[in-house]
Amino acid sequence: MLIASKLPSINYVRDQAELAVYERDRVQKKTFTKWINQHLMKVRKHINDLYEDLRDGHNLISLLEVLSGDTLPRERGRMRFHRLQNVQIALDYLKRRQVKLVNIRNDDITDGNPKLTLGLIWTIILHFQISEIHVTGESEDMTAKERLLLWSKQITEGYVGVRCDNFTTSWRDGRLFNAIIHKYRPDMVDMARVSTQTNRSNLEHAFCVAEQLGVARLLDPEDMDVHSPDEKSVITYVSTLYDAFPRVPDGVDGISPNDVDIKWVEYQNMIKYLSQWIKHNVAIMSDRSFPNNPVELKALYEQYLQFKEHEIPLKETEKTKIKNLYKKLEMWIEFGRIQLPQGHHPNDIEKEWGKLIIAMLEREKSLRPEVERLETLQQIANRVQRDCVNGEDKLALARTALQSDAKRLESGIQFINEAEIAGYLLECENILRQQVVDIQILLDGKFPFADQLVQRVSKLRDDLLSLRAECSSVYSKGRTLTTEQTKMMISGITQSLNSGFSQSINASLTPALTPALTPGGLSTSGSTYTSSLTPCLNPSSDPALTPGQQPASVQGYMSSVGSRDPGGLRHLKHMQIQKPLMKSSDPSLTEEEVNMKFVQDLLNWVEEMQVSLFMMYPTFRYSKSVRHSNVPFLF
């Protein structure tokens with residue numbers, strides 16, 4: 001009786017165990033079928049029943065070709081022999097890849113053995129999908145299952161209410177699935193909501209979101225919301241998540257899911273600041289309003305060179321950093337974790353950078369000639385400054401020499417600096433000629449300090465004219481004729497007229513002028529000054545202002561008189577200018593009054609003769625003050 005009473009409980013346990021095995025195989029069959037189909041769809045194939053659709057070996061060979069990328073031979077017949085041969089081709093290929101097959105023969109698959117068929121597919125999943133999983137911190141003795149579990153723990157670390165201890169009960173509430181998805185796409189999962197939902201709601205949400213991210217829906221909520229979910233099915237699905245989500249390749253410096261947001265903010269800031277810097281400097285480089293001041297323009301050009309040689313290389317480095325960071329973020333952008341705004345791609349920065357380089361080249365093309373132009377004008381301005389200093393020095397030396405000669409004349413001593421002064425003034429005239437040309441160039445080039453230089457050159461010119469006038473005044477006094485010299489001149493002229501101008505006026509005037517030009521025993525150096533300086537004192541005949549006009553000299557005048565046609569002098573002889581030959585015989589005058597009247601008449605005659613001579617020989621000058629000073633002179 002006791003034994004009989006225990007039989008129902010034994011049968012119940014047995015039935016429960018068998019039911020669990022059946023449920024496990026059912027879930028595995030569904031999961032493995034979906035897993036196979038997600039790969040077969042790449043070659044446009046599909047299976048409905050895992051046990052039946054692999055029996056001929058064709059789908060099995062196609063699955064291995066998709067997973068490996070290799071091409072395998074196959075039998076085209078439909079007989080059992082052909083089926084067995086195709087399955088054997090698949091088994092042999094796995095053996096060549098060192099996949100361990102335990103008690104799986106070709107006829108087991110061909111006959112549709114459920115257990116061995118599931119075992120074969122699980123072996124394929126382990127080899128082609130799970131065995132390739134590698135995780136930071138793994139050890140060499142870890143199995144693929146252990147590495148995948150470590151990855152799941154690392155990804156979900158820090159999530160409240162989430163714990164990953166195995167591939168069965170830890171996943172039944174759906175929180176682990178949502179936490180993994182949230183780690184990669186926080187915008188798609190609300191973990192606060194997950195913590196309050198039911199298991200099936202969490203599982204449904206996780207599987208739907210994962211499907212949107214390209215992960216095949218290998219599991220269903222009802223398959224997971226059980227006492228102990230199937231481990232192999234969970235491992236298969238989690239490994240699919242591992243393959244679908246971004247990961248840093250081995251040996252590559254990438255960005256982990258924890259650092260994506262930080263790196264993305266860093267990337268955006270780098271793009272923003274560099275883009276603003278480029279646009280700002282493009283505007284600067286496009287500006288063509290250059291200063292007209294040579295110093296400021298040169299400083300601007302130096303600033304450009306500094307920008308080109310120092311700032312540009314630094315920004316080139318920043319641009320390279322942006323490219324490198326983008327490469328690390330690219331997989332997260334492709335995955336959808338990051339939405340790349342318009343204008344944030346490195347290529348967009350390259351386009352802006354190209355605009356900056358073109359603007360720089362155009363600026364240098366405009367700036368360099370302007371710098372060279374103003375440098376040339378500056379050199380001309382410097383030359384004008386130097387010439388002004390030189391001219392002022394010449395005038396200072398001439399003024400000092402003139403003052404020395406003036407003192408000599410006051411003391412009745414011969415002047416000695418006339419030729420030296422004439423040389424200084426001539427040098428100053430030559431300087432002014434060049435300065436007129438240079439000033440015009442500066443004015444045409446709109447040189448900023450041209451007006452100041454014009455004023456300085458004008459002052460130099462005025463000083464030159466003033467000094468000329470002083471020289472004329474001083475040296476004309478040195479040539480004043482005494483009464484005795486005037487009488488001698490009258491005697492010479494009278495002798496020439498009475499003798500029929502047999503000799504030239506040059507020979508007649510020389511004895512009278514020689515003592516006049518050398519008062520107090522002075523030398524004839526005054527004629528040199530007259531030849532080079534005196535004509536310059538007359539503004540109407542200024543050689544500095546009249547190119548090509550050469551100053552006339554006293555020697556030139558005297559020689560020209562001697563070479564003129566004597567007929568002119570004969571004409572002068574017959575002019576109706578009566579020379580007073582006798583004293584007045586008026587009895588009412590005293591002898592002294594008679595003598596004074598005779599001298600006055602004689603002086604009037606001399607003056608009229610000078611006027612007549614000047615009309616015939618313009619270079620012969622006279623003083624109208626003779627009537628008042630009674631002292632005729634030539635200058």
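Just so you know, glycine gets a Cβ as well, placed from its N, Cα and C.
Remember, TrEMBL labels are computer predictions, not curated facts.
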Stated TrEMBL location of region 'Disordered', expressed as one of 52-85, 290-323, 494-527, 528-561: 528-561
Predicted model, mean pLDDT over the domain 'Calponin-homology (CH)' (142-246): 93
Within the domain 'Calponin-homology (CH)' (26-129), residues counted as helix, strand or coil by DSSP: 71 helix, 0 strand, 33 coil
